[in-house]
Amino acid sequence: MYDNLIDEWLKLAGGRENIIRIEQDLETTTLTLKDRMRMDLSYTTSIGVEADIQFTGGQCRLRLRDESGAIYDSLQEMGIGSQDKTSLQEAMSKIKGKFSVMQFVSSVFRPLMPVILGAAVIKIITALILFIDSLGSEGSSSLMDNQTFTIFRIIGDSALYLLPVLAAVSTAYRLKSNIYAAAVIGGFMFYPEVAPLFSGEKEVYFLGQQLASQLTFYSSILWVMLTVCAAAYLERGIARLNLKGLTVGLAPFLTLLILVPFMLLVLGYAAQWLDEKLPPIVETNVADAPILTLVLLGAFFVLIWMIGLPSLLLPVILNELLMNSSSLLLSGMLAAVVAQAGASLAAGLRSKEASFRSMAFCASGTALFGIIEPALYAVNMRRKSSFFAAMLGGAAGGLYFGWLSVGAFALGGSSSLLELPLYIKPGSLNLLHASVGVVISFAVSCVLTYIFSGKRDKSTVSH
């Protein structure tokens, strides 16, 4: 997208040899220059990017507005300014700072957004076709038996299904480590024998430790990225040992022999403990304090989803449907998902960069249909204001749902606007209240994000 502008950026900075270092903040890319006299300020109007020039002592720093990170990624790929820090050192030094983990995760997902959004559109189209077809048929939809429709549906699901692999490769690429070892880490849980092994039919033990049957937990994006980061550190450490003939294969060997089993043991123990503790706590709170439970679920469900544990809530939801004929938890989950869409929309409205604005709008649309990865990872995690505003929006929607005891009467496939018909109850206003709760979640997160982002922009300008 920015290839035709690279020459203009470099000419503005006085040439690639005039750039000492490249740094990335939440919304800006900063170039530290050797000689300020070599800058060509005539390009500030032609490149279409907001630029700010700062002089600190004898140093000149050129700050370019770069909300999507495209400028930074392009210059990094060209190897400009790479002599100052390795990408791994830069990324890990950011993680030590406040909220920098969120920025790092977002930067990993940015290159994946075109394929994820493309697949999401196909997934949404097939879901809409299936939804419309089901409205006109009394029984089950005939499309589910249509092989052509099934293939298109699989194509739409493919990118999200392989997201752990894509995220692992993107993480390794950003850290300049072995992308092939990272692909194996991300794809480990897709091995054909793994799914039957963790199906829950029998207990699974590894090195004497029982592993919870939570397949989505082990393949969660965050754990995959964490393992790849550890593998990158291991690879750097082995490279410093200078073991000549052993350097090439030793790092992947130790990664697969030690790091992957270690993560399985740690995650298996954690998932087993959560599997025993979380469902009873949620079930008790839903019965005794439904309003508070839905407020908390609307705010924090996205965190449960990020670590791959939404399936732990499934037994509680099924028990609700069995005992009460409706589920309040499904309402809280819907509020959390819609809030991500509202925050993404406001982030796009506040952005002054066309590419980021377009991505944010598309991500907002996909989130409304239950695909929240683009909105969450690529947009809202870029700014803490967007992320926390989405949590507050989800809490507001959860408060409304809990206050009026709005529940879904069936279990759907995902929390999205397409599942609003599940809230229909003849002779009641349940569907109306569900729609109002959705609007509240969306509006609160959107307004708060717009306000907080505006305050941050003003503080940045004054600084």
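Cβ atoms are placed via backbone N, Cα and C, with glycine included.
Residues annotated as domain 'PTS EIIC type-1' in TrEMBL: 103-463.
Taken from TrEMBL, the feature transmembrane segment covers 112-131 (among others).
According to TrEMBL, the feature transmembrane segment maps to 151-172 (among others).
Within its own chain, the transmembrane segment (179-199) has Cβ neighbours under 8 Å at 162, 164-169, 171-173, 211, 213-215, 218-219, 224, 227-228, 231, 235, 251-252, 255-256, 259-260, counting only residues six or more beyond its boundaries. TrEMBL lists 179-199 (among others) with the feature transmembrane segment.
According to TrEMBL, the transmembrane segment annotation covers 211-234 (among others). Tertiary neighbourhood of the transmembrane segment (211-234): same-chain residues 88, 92, 105, 108, 163-164, 167-168, 171-172, 175-178, 181-182, 185-186, 189-190, 194-195, 198-200, 204-205, 251, 254-255, 259-260, 263-265, 267-268, 271-272, 274-275, 306-312, 377, selected by CB-CB distance under 8 Å and a gap of 6+ residues from either end.
Here TrEMBL flags 246-271 (among others) as transmembrane segment.
According to TrEMBL, the transmembrane segment annotation covers 291-316 (among others). Packing against the transmembrane segment (291-316) from elsewhere in the chain are residues 214, 216-223, 271, 274-275, 278-279, 282-283, 285, 328-329, 331-333, 335-337, 339-340, 372, 376, 390-392, 394-399, 401-403, 441: each is 6 or more residues past its ends and has a CB under 8 Å from a CB in it.
The transmembrane segment annotation in TrEMBL covers 328-349 (among others).
The annotation transmembrane segment is assigned in TrEMBL to 355-379 (among others).
Counting same-chain residues at least six beyond the ends of the transmembrane segment (386-411), those with a Cβ under 8 angstroms from any Cβ of the stretch are 102, 290-302, 317-318, 320-321, 324-328, 330-332, 334-336, 338-340, 342-344, 346-347, 376, 379-380, 419, 422-425, 430, 433-434, 436-438, 440-446, 448-449, 452-453. What TrEMBL records for 386-411 (among others) is transmembrane segment.
Here TrEMBL flags 431-452 (among others) as transmembrane segment.
Averaged over the domain 'PTS EIIC type-1' (103-463), the predicted model reaches a pLDDT of 88. Same-chain neighbours of the transmembrane segment (328-349): 282, 286, 290, 293-294, 297-302, 305, 310, 313, 316-317, 320, 356-361, 363-365, 367-368, 370, 372, 374-376, 379-380, 382-383, 386-387, 389-398, 400-402, 405-408, 411-412, 415-417, 419, 422-423, 434, 437-438, 440-450, 453, counting only residues six or more beyond its ends whose CB sits under 8 Å from a CB of the stretch.
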